[in-house]
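Colleague: Pasting a structure below so you can have a look.
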Amino acid sequence: MERATRRGGGDAENAFSVEPDQDQHNSYGNGSDEKKAVGLAGDGADEVASVERVFEGKEVPPWQSQLTLRAFVVSFVLGVMFTFIVMKLNLTTGIIPSLNVSAGLLGFFFVKTWTKFLDKSGLLKQPFTRQENTVIQTCVVATSGIAFSGGFGSYLFGMSEHVASQSTDANDAQNIKNPALGWMIGFLFVVSFLGLFSVVPLRKIMIIDFKLIYPSGTATAHLINSFHTPQGAKLAKKQVRSLGKFFSFSFLWGFFQWFFTAGEGCGFVNFPTLGLKAYENRFYFDFSATYVGVGMICPYIINISLLVGAILSWGIMWPLINDRKGHWYSAELKSSSLHGLQGYRVFISIAMILGDGLYNFFKVLGHTLFGLYHQMRDKNSGVVLPYADRSSPASSSVSFDDQRRTQLFLKDQIPTWFAVAGYVSIAIVSAIILPHIFHPLKWYHVAVIYVFAPTLAFCNAYGCGLTDWSLASTYGKLAIFTIGAWAGASHGGVLAGLAACGVMMNIVSTASDLMQDFKTGYMTLASPRSMFVSQVIGTAMGCVISPCVFWLFYKAFQGLGVPGTSYPAPYAIVYRNMAILGVEGFSALPKNCLTLCYVFFIGAIVINAFRDAIGKERAKYIPLPMAMAIPFYIGGYFTIDMCVGSLMLFIWEKINKAKADAFGPAVASGLICGDGIWTLPSSILALAGVNPPICMKFLSRKTNAKVDAFLGS
């Protein structure tokens, strides 16, 4: 969803991640994710007693020793696994939950198991530390984050002929770029590192001077710190056992379902659990372990908002608009035509996404400017930001933890000249190479983006520190409209806009991600240098792994990006149509569609404003427009799965809240990981031409009678 970037964001894609628009990973879900992450850690969040006193007797290894071979081997394995999971979520609904807890937990388990074995053999040379654990978590999330920010379910796939063929506008050769491994890997390498260099000089200002909390980074640090205490290690062992059980169940359930999917519309995924009429309107439980797990991780308000959006669109609006067929649009159009009912689905959802994104952009920008103003005004008075989660903003005392962490955080400096030289060098190379990959995108388009990108990256990183809300996808949409309109309709403006979106999203997303990692490193005494190197290595691995995983999906599964298939990639058509709107305006919209778009655009803004006006306690009962918009295009089937996951967690919390808080995220992660990893063998089977042996279909009594009569004759 925009992962949703990985930590938060302005779009649904990332609105559910502590990844990857998702960018949107905000905090629709992050407040809950933070609590669950801390809950997973036991009592790790309670720092009334000094954390660093517990580790005072343990030597902090130099930054070079924090970067071990075993850490990067484990990071590579987990990075591949999580990339498959994120890619599947990208290409199905775009909703990506936080994987930070899973990455930290599995990284701890694998290396702890390995070092324990070596210790018993007398071969252990270096013990496993929380600093090394932080390096693993950072590297894994950076690797899998490329699967989101790389646009494989949004802007990048939106360039393809698969998606362009669904529209009659701007589907000429100059606005199409079909996926190929070579250019995708090259593109990611030249755009994915700029954000890392853009905010490195600001790390001291953000973490120590401004004391920004970065909720996701803080929660991850609490989690890792707790793992490395005796009590936390025992709990982590039990959590990994639970994760393993549900991983096995989820994987075997996916394997079992595969046997019944020999044809189109076959299998449990097409079970009309709520009746055939509801099934026709995409309301059914599709037995997806992935989305049951996602529902357990996402906050209740997200799942309820999704359900409300599904009922409003597929239960009320689309049947009513379908009755106007022949009046509002031609009855001869295909169901996938954007000049028919499909156009209302796509453009109304875009209107809600843009309304929500615009509101939250100005909201977070206001928070950022307000915080900066007060920080500068009170610079000499010792007052810190009210967002720094302190009970006494004017307190002059510095705790032992802060002294210890600040001392080590400032010890290993990353020279400013290195960051500036790296940014300028990569920007020059990028401005030269990108026009050769995307011909409509000129060097001066890229240069303008890179001039403004550091400022936007700072705003995004600062806002993320205050609210845990990354607006990477919103900045990407800004690039779509500005660069697309600048290039012009007759000069490949759609392709130029989508490419510019990718450039901008990668810069601002990785900038906020790195600052989150610096916060985690600050609280676990991991060196900023090791954090930076880990992020660079993880990003480099992601630039190769993500295109390869996408290529496997692209070649193995027919109908990728086509509505109604197993992998509809809903945000690909959404992003492409945003680019078309930016270049060609509203002339292609069906009758009355623009009026409805205005209504839902304004409605999204009003609902958000109302939520903020009534306060947090009451706002939790008001649906989120961004979440409501997702099922407008896709349907309600996945929302049923997610609500089942929410219901399971709710009942579990009522029975035993402590156990649900401790093991809920592990169970959810097992369900997500098992089903996600099943896509690897299933895609290999598809490429090898091995087809399922059985087709299980569900027919109405009338249709079944016709089939029996036909077979009997």
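From the backbone N, Cα and C atoms, a Cβ is placed for every residue, glycine too.
So TrEMBL says this about it:
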REGION    1-37  region 'Disordered'
COMPBIAS  1-10  compositional bias 'Basic and acidic residues'
TRANSMEM  67-89  transmembrane segment
TRANSMEM  135-160  transmembrane segment
TRANSMEM  180-202  transmembrane segment
TRANSMEM  246-271  transmembrane segment
TRANSMEM  291-321  transmembrane segment
TRANSMEM  342-362  transmembrane segment
TRANSMEM  414-434  transmembrane segment
TRANSMEM  443-463  transmembrane segment
TRANSMEM  483-511  transmembrane segment
TRANSMEM  532-554  transmembrane segment
TRANSMEM  593-610  transmembrane segment
TRANSMEM  630-652  transmembrane segment
Colleague: Report the listed stretch (342-362, 443-463, 630-652) having the maximum count of Cβ pairs within less than 8 Å of the transmembrane segment (593-610).
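Modeller: So the stretch in question is 342-362.
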Colleague: With a Cβ cut-off under 8 Å, give me the same-chain residues at least six positions beyond the ends of the transmembrane segment (67-89) that come close to it.
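Modeller: Cβ under 8 Å, 6 or more out: 1, 3, 19-20, 95-96, 99, 102-103, 106-107, 110-111, 114, 126, 132, 135-136, 139-141, 143-148, 152-153, 290, 294, 530, 533-534, 537-538, 541-542, 545-546, 549-550, 553, 567, 672-673, 675-677, 679-680.
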Colleague: State the residues, same chain only, that lie 6 or more residues beyond the ends of the transmembrane segment (342-362) and have a CB under 8 A from a CB inside it; answer 'none' if no residue qualifies.
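Modeller: Contacts with the transmembrane segment (342-362): 10-12, 26, 166, 313, 317-318, 321, 329, 335-336, 469, 471, 473-474, 477, 563, 573-574, 577-578, 581, 588-590, 593, 596-598, 600-605, 608-609, 624-626, 628-630, 632-633.
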Colleague: Checking distant contacts: for the transmembrane segment (291-321), what same-chain residues at least six beyond its ends satisfy Cβ-Cβ under 8 A?
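Modeller: Tertiary neighbours of the transmembrane segment (291-321) are 15-16, 28-29, 31-33, 36, 89, 93, 95, 97-98, 246, 250, 281-283, 328, 341, 344-345, 348, 620-621, 623-625, 627-632, 635-636, 638-646, 648-650, 664-665, 667-672, 675.
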Colleague: Please identify the stretch among 135-160, 246-271, 443-463, 483-511, 532-554 with the greatest number of Cβ pairs below 8 Å relative to the transmembrane segment (414-434).
Modeller: 443-463
Colleague: In the same chain, who gets a Cβ under 8 Å from the transmembrane segment (246-271) while lying at least 6 residues past its ends?
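Modeller: Answer is 279, 284-290, 293, 566, 666-667, 670-675, 677-678, 681-682, 685, 691-698.
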